[in-house]
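Here is the structure we will look at.
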């Protein structure tokens, strides 16, 4: 009996895999999730889940990482650079190790360049562990400081664009649009943090969440006092059956007034903030320009005598 000829596969077909061969991610994950996992670094894929599991268990490690608070802070920062809790914990651990190494290497350099030439003194090697501990603390806390800066920048952006967007949403609602339709139409015309959060809230409503719960989650995500007051008023108006257009108009006027108050407060604080650079940088230069020629003339007259 003749054997069937081997028919080569098409040129554009993928190479066959054995049923047990290949990566685990190729066998069990869908393509979109597989690509996202494979783009992550090795430390994130391997060390991240272990750190997250340790952080979720009660104990000292859980209190150090505080995984729930970290997730909320990343959410409020808008997940900068696509960071998730696993990746951020890996960054903190790596930062602690790198900080300890750099601080311990910096001690001999500090002795040879600063303390020995100037003070004839050097830190003994016993201080190396102390510098290492300081480096661990600094490297572990530095990502948290960066994340706090990102959160404040995002909240400031939301606070700046909030009055203008609420004005437009209020006009759209008074023109006859529903609240969600007005939010969608205005948010699609902006590209900022507030429009992203509004569109995310609309997506949650489309997926089956109630409008009230979606707005409450938005309050938790952003944590800006003006927006919290606005969304709380909208939720109460929806629950009590009040006209949302009137609520939006009143809140819009209040937001504009608050923005004017903040501008006046910033103008009143400006002279106080300018005192330090004036005393430290500008006054010494003025003294040199004004008194410099007189001092030179006095020294020249003393030399002649």
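Placed from the backbone N, Cα and C atoms, the Cβ positions cover glycine too.
Annotated compositional bias 'Pro residues' per TrEMBL: 1-13, in sequence order.
Positions annotated as region 'Disordered' by TrEMBL: 1-29.
Per TrEMBL, transmembrane segment is recorded for 89-109 (among others).
Residues 92-93, 95-104, 106-107, 110-112, 115 of the same chain, all 6+ positions outside the transmembrane segment (121-140), place their C-beta atoms under 8 angstroms from a C-beta of that stretch. Look at TrEMBL and you will find 121-140 (among others) tagged as transmembrane segment.
In the domain 'Type II secretion system protein GspF' (166-291), the DSSP tally of helix, strand and coil residues is 108 helix, 0 strand, 18 coil. Summarising the annotation, TrEMBL assigns domain 'Type II secretion system protein GspF' to 166-291.
Residues or ranges marked as transmembrane segment in TrEMBL: 278-300 (among others).
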Predicted model, mean pLDDT over the domain 'Type II secretion system protein GspF' (166-291): 87
